[in-house]
Amino acid sequence: MMVAMSPTASRDLLLGDLDEEQREAVLAPRGPVCVLAGAGTGKTRTITRRIAYLVTAGHVAPSQVLAVTFTQRAAGEMRARLRALDDGTGTGAVQAQTFHAAARRQLSYFWPRVVGNTDWQLMDSKFAVVAQAANRAGLPTGTDDVRDLAGEIEWAKASLISPEGYAAAVADVGRDIPFDAAKVATVYDNYEALKTRREGVALLDFDDLLLHTAAAIENDPAVAQEFRDRYRCFVVDEYQDVTPLQQRVLDAWLGGRDDLTVVGDANQTIYSFTGASPRYLLDFSRRFPEAAVVRLERDYRSTPQVVSLANRVIAAARGRMAGSKLHLVGQRPPGPNPVFKEYPDEVAEATAVAKSIKKLIDSGTAASEIAVLYRINAQSEVYEEALTEAGVAFQVRGGEGFFSRQEIRQALLAMQRTAERQPDLDGPLPEIVRAILEPLGLTAEPPAGTRARDRWEALVALAQLVDDEVAQRPGLDLRALLAELRQRADSRHPPVVQGVTLASLHAAKGLEWDAVFLVGLADGTLPISHALSHGPDSEPVEEERRLLYVGVTRARVHLTLSWALARNPGGRQGRRPSRFLNGIAPQSQRDDGPSKPRRARGPAPRCRICNAQLTTPPAIMLRRCETCPSDIDDELLAELKEWRLRISKEMSVPAYVVFSDNTLIAIAESLPTDDAALVAIPGIGARKLEQFGADVLALVKGRQKS
Ligand code: ATP
Ligand code: MG
C-alpha cells in the first residue's frame, strides 16, 4: 500500500541527492525554465525531479502536466523515473510521451469535432504512396530511391516546407539530395495529393498527426479552450532535437502561456539532417526574457580523464552552437587516461580492439558494459568478425548484423544464382563478384542519398571481404567462396542480451557504458567525406565534430580511440587520423598489432596513369585512380554497350554476365589492339577472350579507323 509521506520527507527525497544547480532548476517557480546541460550532467534526472516537485508541492495536478521527448525509449525512461518518484502524490500518472504519441492521442479525441464524418487512418508506411508519386513524376522506384524520396518528404514536412518551397529551401541549406530538386518537389506534391484523394478516409502520415493537431488547436477556439484547460505545464527533454513542426505543436499547446521547462545540449545536435534544430533552445531566453536559465556543468557520468578529452574535442567547435558550450567538470574518481591507437589497416584495428575487449571481460568488466562505436553501419563487419574469432558475444544495435543486411543477402543470392547458371565461369574472382554486385548498387562513385550510400558502403565492404578471401586462397572459385561466406555468416553469434554493443554514434545517443571503443576515426570517415565536400569549416563538418563529442561522452571509465591507415591489409596507407584529433591525440600511437597473416593481401595494383597504388574497388576495376583523368572514347563505349545488349539477348543472360560496366569502361579507355592487351583488363579471362575477344577487338579497330 502506498503511504503518503510528510511534505518535508518527500522534499528531502526529491532534493537530497541533487547538486545546487540541479536543485535550482527543480525549485524554479512555474514559468519558463531552460536547463542548458552538457552530456552526463543529469538532465533527465533534473527534469523528472522538477515534475515530481511541482506535483508534490501541489503547484500542479499530475493530469495537467505533459512531458514530451523524441524517442519511445526516452519517453519510457521518463515514465519509469516518474513512477519511481511517486510517493502517493500521483507523480507516476503524469503523461510522458513522444511528440507523435501525444499528438495522436489528442487528434483521436478532437478529430470528429474538427473534421466531421470522414475517418482518418494512420499509414503504417508511406512507401507505397511515395513509390506511386515517384512513378508519376517519372522517377525510378527502386527501394532505395523511394526511401530517399520519403526521407526528403519527411525532412520538408518536419521543417514546415511546402512542395513549392522545397527547391529554394534545399538550395538555401545546401542539402544533399537524391534527385533534381524540382523532381523531388513534384513527388512531394503528388504524394500529398494521392493521400487525400482516397474516398471516405483521410490517410495521415506521422508528420500529418502533428500538423493536424496544431491546426485543430490553432483554428478552433473551442478545441483550444478545452485543451488548454486540461494541460497547463509542459516539459521537453532533449530540446535541441526539436523540429520546426514539433515547435509549432508546442506553441499551439502553449497558446501564449509560458509554463514550459526545456532541457537540452546544443553540442549534442546530431540529427540536423532530419530537420531538428537547436535554434529554439538557443533562442529560449530571447523568446522568454524572464526565463530562469540554469547551466549544469558537473558531469556525473565520466571520469575526469574522459571529461577532459570531451572538453578538448568540443573546444574547437565553431558556429552558433559552439557559443553554448559548457566546460564540463568530472565528478567521478580518476580513472585511466583515454588511449589513442593507430593501425596499419582495419583488420589489425579490429583484431586489437577484440583483444582489448577480451582482456576487459577477463578482468571483470561485464560484456554489456562495453561498446564499439563507429560512424556508419557498414563498419560493423570487421568487428563482428574479430569478436566472433575472439569468442566474444555481441549485439549490433540500431542496425542488423552485416550478413543480415538486405543488400548483403541479395548479393549472396545473386552470387549463388550466377554460380548455378554458369558453373564454369572463369576470370579473376574479385572481378566476377564486382560484376555481380554492380547491378545491386556497387557503382564506381558513391551514390547520392543517405540510404543508397549506406547500401553502397555495405557492398564495398563485401567486395573487400572477397578480396581478402581470394588473397588467402588463390585457387578459390565462386562456389567455394560462397560456402566460405555462408560459414562466416552462420558462425556469428545470434543476438544475446549480455553481449558487447556494436552501434553507430547516432544510435548511441543518450546511452552510457563503462568501456567505449571509438573506432575508424580516420579523416574521411569522421568527418565523413560527404560532409567534407561542403568545405572544411562547413556546418556538416561541425555536426561530425559533435558526433565525436557524443561518442566520447558515452564512456564512464575506459575510452579507446583508434583508426587505421589503410582499409585492407597490404593496401596503400594513405589515410590520416581524424582532423578532430589534431593537437589532441599524442604524436605517435602507431601500433602494428597482431595483423592476421591469413588476411594479408598481395601488392595492390597500380594506376595506369599516375602509377599510384590502387585501393578502392572502383579504382581497381577501372585500373586508374578515380580522380585521374578518364581518357575514355565515349562513342566506343556506346557501341560496346549496344553490342553487349545484343549479345546478352542472344545468350539470354543479364548484360553484366557478358561484361561489367567497368570492364567496358576499361576497354574504351585502354583501347586494346591484341589478345594480350585484352586479358590484361580486369574481368577478361581466357574464356571471355575466346567468347568475345574477336568482337571487342573488331569494335576497337573499327573506331580507330573512323
Ligand atoms: P545525456 O546528455 O548523455 O543524455 P544526461 O544529462 O541526460 O546525459 P543523465 O543520464 O540524467 O544525464 O545522468 C548521467 C548519470 O549521472 C546517470 O547515471 C545519473 O544517475 C547520474 N547523476 C546525475 N545527477 C547526479 C547527482 N546529482 N549525483 C549523482 N549522480 C548523478
Ligand atoms: Mg539524457
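Residue 1 is the first one shown; counting continues down the chain.
Backbone N, Cα and C define each Cβ position, glycine as well.
As given in TrEMBL:
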type	residues	note
BINDING	Ala37, Gly38, Ala39, Gly40, Thr41, Gly42, Lys43, Thr44	ATP binding site
DOMAIN	16-303	domain 'UvrD-like helicase ATP-binding'
DOMAIN	304-557	domain 'UvrD-like helicase C-terminal'
DOMAIN	630-706	domain 'HRDC'
REGION	568-604	region 'Disordered'
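Counting residue by residue with DSSP, the domain 'HRDC' (630-706) contains 57 helix, 0 strand, 20 coil. Confidence across the domain 'HRDC' (630-706), taken as the mean pLDDT and rounded to a whole number, stands at 82. Cβ neighbour count for Gly38 (ATP binding site) (all protein chains, 10 Å cutoff from its Cβ): 28. Each of the binding-site residues Ala37, Ala39 was scored by other CB atoms within 10 A of its CB, and the lowest score goes to Ala39.
If you draw a 10 Å sphere around the CB of Thr41 (ATP binding site), it holds 27 other CB atoms from the protein chains shown. Proximity of the binding-site residues Gly42, Lys43, Thr44 to ligand 2, judged by a Cβ distance under 6 angstroms to any of its atoms, singles out Lys43, Thr44 in sequence order.
Sequence-ordered, the extra residues of this chain that approach the ATP site, with Cβ no more than 8 Å from the Cβ center of Ala37, Gly38, Ala39, Gly40, Thr41, Gly42, Lys43, Thr44, are Thr46, Asp265, Leu296, Asp299, Tyr300, Arg301. Listed in sequence order, Ala74, Glu77, Met78, Arg81, Asp237, Val263 are the same-chain residues six or more apart from Thr44 (ATP binding site) with CB atoms under 8 A from its CB. Other C-beta atoms found within 10 angstroms of the C-beta of Lys43 (ATP binding site) number 23, with every protein chain shown included.
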